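Step one of this worksheet: look at the structure below.
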Amino acid sequence: AVITGACERDLQCGKGTCCAVSLWIKSVRVCTPVGTSGEDCHPASHKIPFSGQRMHHTCPCAPNLACVQTSPKKFKCLSKS
């Protein structure tokens with residue numbers, strides 16, 4: 001099966017996306033939108049473009065947002081106010 005948006009690196013994806021691990025198939029990476037306000041994020045996500053292979057399901061937050069810890073194991077993209 002051909003997976004639409006499959007990628008290896010960020011540079012293969014368009015603006016506002018990164019090449020993140022698929023939620024459904026861990027061996028596949030897909031172009032994924034950056035995190036918007038209130039979405040889950042990972043504090044260790046690399047900036048875009050990242051030259052290596054990402055290990056997380058989420059992309060970094062959008063430029064105007066920060067990845068903020070909201071509970072012991074949860075992080076969300078929230079505005080940098």
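Cβ coordinates are placed from backbone N, Cα and C, and glycine is handled just like the others.
Per Swiss-Prot, disulfide bond is recorded for Cys7-Cys19 (among others). Reduced to three states, the DSSP call for Cys19 (disulfide bond) is strand. Neighbour count (other Cβ atoms within 10 Å of the Cβ, all protein chains): 24 for Cys19 (disulfide bond).
Listed in sequence order, the residues of the same chain lying 6 or more apart from Cys13 (disulfide bond) and placing their CB within less than 8 Å of its CB are Gly5, Cys7, Cys19, Cys31, Thr32. Per Swiss-Prot, the feature disulfide bond maps to Cys13-Cys31 (among others); the stated evidence is experimental evidence.
Annotated disulfide bond per Swiss-Prot: Cys18-Cys59 (among others), in sequence order, evidence recorded as experimental evidence.
Residues or ranges marked as disulfide bond by Swiss-Prot on the basis of experimental evidence: Cys41-Cys67 (among others). Listed in sequence order, Gly35, Thr58, Pro60, Cys61, Cys67, Phe75, Lys76, Cys77 are the same-chain residues at least 6 apart in sequence whose CB falls under 8 Å from the CB of Cys41 (disulfide bond).
Secondary structure at Cys61 (disulfide bond), taken from DSSP and collapsed to helix, strand or coil, is strand. As annotated by Swiss-Prot, disulfide bond applies to Cys61-Cys77 (among others), with the evidence given as experimental evidence.
Ranked by how many other Cβ atoms sit within 10 Å of their Cβ, the disulfide-bonded residues Cys7, Cys18, Cys59, Cys61, Cys77 place Cys7 at the bottom.
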